[in-house]
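Colleague: My structure is below; once you've seen it, I'll send some questions.
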């Protein structure tokens, strides 16, 4: 026995070695898991390959890592190479396929695996539920040889997911163990269906509630508009987390109770980003843009929802330039644009006719693969139409099949706004031939196209066929189009007859269309009738006062002009100031009428205007002074017609927009008649194409002509 070693002594010598080997293996597994978790799967594979002794756990970890990084092919390849497999390995393969939304592959594995346990069955049921295949999940569930609480809860969630709430309750009632998760799921299901009494009964019966249970019940009340009941429950919660506070806050913001939301927000111990985002939107919906901006700037760790919310607020409240500037800052800071922010910015681009920004957003949508969405396509068409790029709008339109009604309407309206009646009518007939049902918006577009181009006969035929052929009941907006169509064509009495025969009450738009026609064709009697009706409907609208004033002035009725002006002062009626803008190098430049306009390059603009003035006079142009004296409906009185806002914008465009590129100008009011004549000549003498979008339509000026053919 002298040199022999006992068994117990040998075991004591081997134990440190085993502990060392085990700790080394754990370290390797930990590295593999960490690299997989942070997306460095190649590094994880290098660690795996370097392992001197790979056990089954190592192989399972590496397979799971591939699945975690959305590389199911490599995961399966490695699985097939495994020297040994156990049930955990097979379950990992099923779970991996389920996580990668490959439920059919998961089922093939499930059907061929040598031995299944409750985890295998539950993973497969979960896969079907996740894909919305609840009937398949149900069939498999009832075949399970044994079920645990997780199996029951997964199946319960599937039934709730497809709104089979009564069947879910039946399953819930026979569950052998009803844990807090199952009870909370059932409460959530009832809340989704608006069955709050049943949800509350379950909640009150719960033997043990956690913060999720409380929050689910509070959210249920909030979602169903019972904010005050939610608040009472919120006050008696034994503990609250960020989600609880945010749920209650969103109840107030979504119901427009911004003061209570603000008080709750101030009281929050921790202001989660989601809560801050809700407050930004809440303040924005309430018109409190400054407060929304203040919350935005206070958030240290902004997420994409924060930026999106602030951009949305700017879009809602007409802060278009600020929205574009914030979007640009968002990109400079490396924040990836999300879908809502891109759609908001596209709407802003359409409003401002900011083509450069619009193209950039379009590129972002393509990069994110959102451009294949039919809703996105419709918004893109509208953006390009409003930016004056009909060619691009039509390319997007032609690329999609099948098209939805919004797309058809967008392109028809686009052609109408650009005065291209033949194209609008052609698309309308294609739409009808394709089997797509028309709606009210379709006919507003088609009738507007006829109105803008004087196609009285075609417009009347389409209007008369609306109800009989297309089963679309004419509404107020369609009668407004017809009054405009007849009035523009000089058939003012016919327009008045149509108003008197209408089955609906004429609104301000209809009387406004008639008044505009009376002004163009100098029909004093009907102008006074239309103006009085307008003043009854919109006593604070300056438009009818000014239009009537212009007509009186043109007839030398200065006493009536003075009386109208006096009434405006007494009633404190003011008009929107004329404003034009132009985008140069992704920056929007705004101009108001007169030399007092604030612009850093005003002196250069004034020199360009002086130069143009000389060139225009040489070409035979003389200002129409009637627009200076009386046409304040379109532009405030300024010292000279040459300083109208659209002229300032055009002059700036001539200075900054490179040769060969169109100069695109937008105006918030109808373009001044004298400016229309002047810009036609400017386009001719400078050899430039000028596209002007006013409050009504587009004007494409080129070679001394306008696309509207002076019919506007």
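Heads up, the Cβ atoms here are built off N, Cα and C, so glycines get one too.
According to TrEMBL, the protein carries these features:
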type: DOMAIN; residues: 620-712; note: domain 'DYW'
type: REPEAT; residues: 24-58; note: repeat 'PPR'
type: REPEAT; residues: 86-120; note: repeat 'PPR'
type: REPEAT; residues: 179-213; note: repeat 'PPR'
type: REPEAT; residues: 241-275; note: repeat 'PPR'
type: REPEAT; residues: 303-337; note: repeat 'PPR'
type: REPEAT; residues: 404-438; note: repeat 'PPR'
type: REPEAT; residues: 439-473; note: repeat 'PPR'
Colleague: Rank 24-58, 86-120, 241-275 by Cβ pairs under 8 Å to the repeat 'PPR' (303-337) and hand me the top one.
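Modeller: Highest pair count goes to 241-275.
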Colleague: Looking only at the repeat 'PPR' (86-120), what are its DSSP counts of helix, strand and coil residues?
Modeller: 26 helix, 0 strand, 9 coil
Colleague: Under DSSP, the repeat 'PPR' (439-473) has how many residues in helix, strand and coil?
Modeller: 29 helix, 0 strand, 6 coil
